[in-house]
Amino acid sequence: METVVSGIRSTGNLHLGNYYGALQNFIKMQNEYNCFFFIADLHSLTTHPTPADLHSNVKQVLVEYLAAGIDPEKATIYVQSDVPEISELYLYLNMNAYLGELERATSFKDKVRANPDNVNAGLLTYPVLMAADIIIHKATKVPVGKDQEQHLEMARTFGNRFNRLYNHEYFPEPYAFNYSSNLVKIPGLDGKGKMGKSEGEGNAIFLCDTPEAIKKKVMRAVTDAGPTTENQTKPQEIQNLFDLMKVVSSADTVAHFDDLYNKMAIRYGDLKKQLTEDMIIATAPIRDRINAIAGDADYLRKVAAMGEEKARASASKTIREVREIIGFKKF
Ligand code: TRP
């Protein structure tokens, strides 16, 4: 069975875009592949979180992924820092990662531009750590978005370079992987592009949002003055609301409002009310589970310990072999 690895950054709450875009893929994959999903807390150190923030961010991600349906009996879900073998592989890979190629990474250049006062070596070698994350389990499939393509290419480069250096076909090549039919676009509420946590207050609906918060955000969503001719093409802000509706509402409901729009009889207030209602219903089970799991310290401890054990079993096997290939020997 092929191995899947994906890292989840512990920054901020999960929103509907994460859920319908990425998580539903993970939930499907856990039934079909040997899946490792981890919380990337080592990666988060590049921005120097306080110990309290670090821990609460990790917990939040763990709780929300479990609540959304990642099953610790099917997939291995673990905290990256619980598996020190990853850091060891990162060190070895760093010996064959070159300054020039690391400086050329788009994500590095973006981060330098955004935070010129914090250009640390961890930031520069982020793609090396990410490569270690993936190849430590000899994964071949990595469910990530388009923005991670370059990092995956670098992971292949570093793995291949190791293989070549030691003349040993050891690491397989990892590739981006998604069920193409599941690549639904989840727009935000600001009338522009996709839902995101950094696009400003009110743009994203979080899985942990209360019904009141959802209502407030949807009611404030950007709209226009209404259609001016029959059957006209919808402007983006209106199309966005329909796209969201397609995800959380029934086909009948979408058709009903589409019809009203085409007849120029739509009232956006009604559309938003319906959208709010259906969003609240669609997210209710997850919200309930988030609240239940967040208070269950025993369960969280058990899940994290189980994940750690399974991840370390896989990672330590790789590290044992890598040490041998490199030439480390006991006296
Ligand atoms: N870089 C990824 C992101 O920004 C997170 C990540 C870290 C990751 N390590 C990974 C994703 C390994 C897939 C596999 O979203």
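Glycine too: its Cβ is placed from the backbone N, Cα and C atoms.
What TrEMBL says about this one:
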BINDING   ARG9, SER10, THR11, GLY17, ASN18, GLY145, LYS146, ASP147, ILE186, LYS194, MET195, GLY196, LYS197, SER198  ATP binding site
MOTIF     10-18  motif ''HIGH' region'
BINDING   ASP133  L-tryptophan binding site
MOTIF     194-198  motif ''KMSKS' region'
Tertiary neighbours of ASN18 (ATP binding site) (same chain, Cβ under 8 Å, six or more apart): none
Recorded ATP site residues ARG9, SER10, THR11, GLY17, ASN18, GLY145, LYS146, ASP147, ILE186, LYS194, MET195, GLY196, LYS197, SER198, farthest C-alpha pair in Å: 21
Where the C-beta lies under 6 angstroms from ligand 1, the matching binding-site residues among ARG9, ASP133, LYS146, ILE186: ARG9, ASP133
Fewest Cβ neighbours within 10 Å, where candidates are the binding-site residues ILE186, MET195: ILE186
Inter-residue Cα distance where the pair is the residue listed as 'L-tryptophan binding site' and ARG9 (ATP binding site), in Å: 13
Reduced DSSP assignment, THR11 (ATP binding site): coil
Helix, strand and coil counts within the motif ''KMSKS' region' (194-198) (DSSP): 0 helix, 1 strand, 4 coil
Which of ARG9, LYS146, LYS197, all binding-site residues, has a Cβ with the fewest other Cβ atoms inside 10 Å: LYS146
